[in-house]
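Taking it in order: structure first as structure tokens, then the write-up.
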Amino acid sequence: PKDDEDVIEFPPEPSTSNLPEPRPLEYDGSKWPPSKPLVIDVGSHSTRAGWAGEKDPCVVLRSLVGKAKDGKGDLVTLAGDQLLCRDISKTMVRSPFEKDVVQHFESMETILDYTLYRMGIHTEKLYHPVLVTEALCNPNYCRSRFSEILFECYGAPKVAYGVDALFAYDSMLNSPASYTPQETWGGKASHGLIIRVGHSSSNVIPIYDGAVGFKSSYRMALGGFSCSNTLQQLLLLRHPQHKPAITAHRVQLIKEKFCFVAQEDYMEKLREYESLESLQKKIVRFQLPYTEKEVPVQTEEEIQRRKRQREEQAKRLREMASQKRQEKLRVLAQNIKALLDLQNQMKGLKGKELAAVGEKIAAFGISEPTKPASVSKFLGNLSRQLNDIRAKHKAKGFDVPADDPVVEEFLKAEPEEDKEESFPLLNVPDDKLSAEDREKKRKQKMMAGLQQARLAEKKRKTEQAEEKQRKRQEEEEERKLDPQKWLTGAKQRHANLFQKYQQRQKKKAMVNDRRSEASNERMKAIISTLAGSEDAKKKNADGCADDGSDFGDDDDDWNVYRQISREAVSDSSEEEVDATLAELDAQILELDPLHIPVSQFHQENEPSTNVYIPTARDFQLALSTELIQVPEILFQPSIIGLEHCGMAELINNVLNRYNMDQRMRMAENVYICGGGSLFPGFKERIEYEIRCLLPAGANLNVVVAHDPILETWRGASKFAAHEKFESVCLTKQEWEEKGPGYLIEHRCSNKFFPSIASTM
């Protein structure tokens with residue numbers, strides 16, 4: 001990466017709040033008599049207007065129209081520089097052009113109004129002849145609408161039209177004073193090739209024997225705007241976090257100052273970026289504006305104070321949790337005692353007396369309060385809850401007080417469900433039983449299977465508890481006989497358990513983070529389970545919704561809920577791990593006072609701050625291959641996914657329409673104009689592409705306009721200054737007689753082809 005001094009600072013954005021609106025020029029009728037033509041170069045990017053014979057235009061403004069609210073809240077229409085004096089983000093901006101052709105004539109009329117206002121022309125009508133530029137092969141309909149605006153709205157006496165690229169060619173390679181407007185080009189200018197790269201489109205126009213080869217001309221719907229748009233998309237793709245700062249003004253600055261064309265082989269130029277060393281040398285960094293934030297510095301006293309606050313808060317939370325558990329233990333004990341009393345009262349009761357006791361039992365949420373089995377089952381659930389909460393309370397290091405003697409005796413007694421029941425009907429043959437007894441036998445067979453499984457599970461847990469107790473006794477004996485050996489083994493067991501603990505905490509944090517892989521996997525499991533086809537959601541025979549899936553048919557389907565669970569292990573295993581770690585911490589601390597228990601681990605290793613402070617480097621745009629990739633779309637539109645011919649193919653298609661001698665003569669006079677040709681290396685690339693199409697040793701001369709942007713207006717200004725200019729102007733009477741799209745042809749104009757409507 002380059003040093004900070006190599007980073008390029010963007011100039012300040014143009015402030016729209018303090019920018020005054022340009023004042024109109026002074027219109028001097030004596031200096032500009034009615035015979036003085038008005039020249040208007042209407043481009044898709046900018047509109048330039050001025051008087052014939054002048055070197056530069058008087059007015060240059062953007063070809064944009066917008067609507068915004070004024071101070072009174074009324075909607076007003078703005079054009080050109082007026083938009084620069086407003087907040088464009090709150091303005092509906094549009095262009096009257098679509099691909100270099102005027103389509104929105106109401107917007108075009110607004111631009112013409114503002115153009116004449118800026119030139120100071122406030123007369124009741126326009127008394128000057130008007131010369132207007134247009135695109136190559138401009139449709140008759142668009143020209144007719146433009147003529148209608150000039151004749152009907154402004155009352156222009158005469159109007160003439162010409163192609164922008166031909167005016168630039170006429171200005172560069174001719175002495176307009178020696179040719180009348182209707183004469184063709186002669187001498188060196190009689191053969192040539194015009195390459196124009198505009199804002200919205202590009203053209204390749206051949207000139208042969210002084211005339212324009214309209215049928216051999218080609219147009220490409222790519223220009224400077226396409227390059228700007230591509231560069232902006234690349235910047236947003238690489239730096240999406242800086243979308244508000246990647247403005248059109250900054251993109252235009254990068255394109256104009258730093259983009260360049262590969263002079264010969266584009267792929268060969270890209271290979272220069274293959275190695276990391278050469279890539280770092282070619283990277284250009286741009287600094288976006290940012291506000292530097294102060295990094296908070298914490299003193300040792302502040303760190304200790306925060307640590308004490310965390311310890312006090314943790315202590316309060318532990319006490320609050322302990323109080324909640326004690327309250328829950330108290331409520332459970334009271335419920336168990338009350339239910340035991342009611343259970344004893346039920347014995348020997350019948351009828352209304354049994355129903356009265358059943359109502360009291362039903363208040364605890366028992367569905368069948370008059371059945372002793374239901375009450376016993378509910379009491380078993382309460383006892384398990386009470387024992388689980390006691391285990392949690394004890395694992396946290398708190399003492400568990402003894403409850404009422406009746407409750408303690410009940411908890412120590414064997415649960416009803418663990419007592420072995422007898423099933424007398426299992427040994428009786430079915431042929432000796434009635435239908436009712438056979439049904440009872442079937443139920444007893446199921447209950448016997450459940451009892452056998454329950455007793456087997458109880459036996460297994462008893463054996464595990466005995467084995468665990470035996471190991472504890474052995475460890476205790478080992479700890480007394482060889483403390484050092486026991487300490488080594490205990491630390492190893494503690495490390496293994498602590499690793500599980502860390503993995504569990506990490507997974508919890510990852511699941512809570514929506515951008516983590518674990519959270520994504522969980523969401524995929526939910527979506528794959530719950531998402532069904534809309535077409536499959538029908539009603540089946542029993543009226544239930546049928547989503548067309550067979551979820552649940554296979555027992556493995558229910559494993560999805562294990563993936564959906566936020567924790568990798570169950571609550572019981574978590575509590576077991578926590579309790580074992582707490583017990584090991586207490587035992588290890590007796591032999592090793594320097595041991596750090598789990599409860600203090602996070603406090604000891606917690607960083608002072610986890611807030612990232614952005615630096616200037618986080619607000620930088622880094623560009624490398626994009627600087628040559630953007631202009632390359634003019635030669636390879638496939639880079640941005642367009643099936644267009646590139647500039648080299650357009651030139652080849654034009655030259656292929658002529659024989660070799662004609663190509664050689666055209667190659668001696670290649671003229672480049674348009675703002676899109678200002679990229680460094682563009683001329684050299686055109687020379688390289690044309691030379692590949694010519695025989696070896698052919699004479700090739702490529703000329704770039706002195707000012708590719710203003711050369712069109714300057715050529716039109718010289719053309720309109722000719723004394724016989726009015727001979728190519730169209731009057732309103734001729735416009736009405738010969739059709740709306742009619743124009744008088746001259747060497748810089750389009751060729752007129754009557755439309756179907758005008759010939760009928």
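Think of each number as a place in line: the chain as shown, counted from 1.
Every residue gets a Cβ built from N, Cα and C, even glycine.
These come from TrEMBL:
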- 300-327: coiled coil (COILED)
- 429-439: compositional bias 'Basic and acidic residues' (COMPBIAS)
- 460-483: compositional bias 'Basic and acidic residues' (COMPBIAS)
- 510-521: compositional bias 'Basic and acidic residues' (COMPBIAS)
- 1-31: region 'Disordered' (REGION)
- 414-485: region 'Disordered' (REGION)
- 501-521: region 'Disordered' (REGION)
Quiz item: Cβ under 8 Å to the compositional bias 'Basic and acidic residues' (460-483), counting only same-chain residues 6 or more beyond its ends: which ones?
Solution: 587, 591
Self-check item: Integer mean pLDDT for the coiled coil (300-327)
Solution: 79
Quiz item: What counts of helix, strand and coil residues does DSSP assign across the compositional bias 'Basic and acidic residues' (429-439)?
Solution: 8 helix, 0 strand, 3 coil
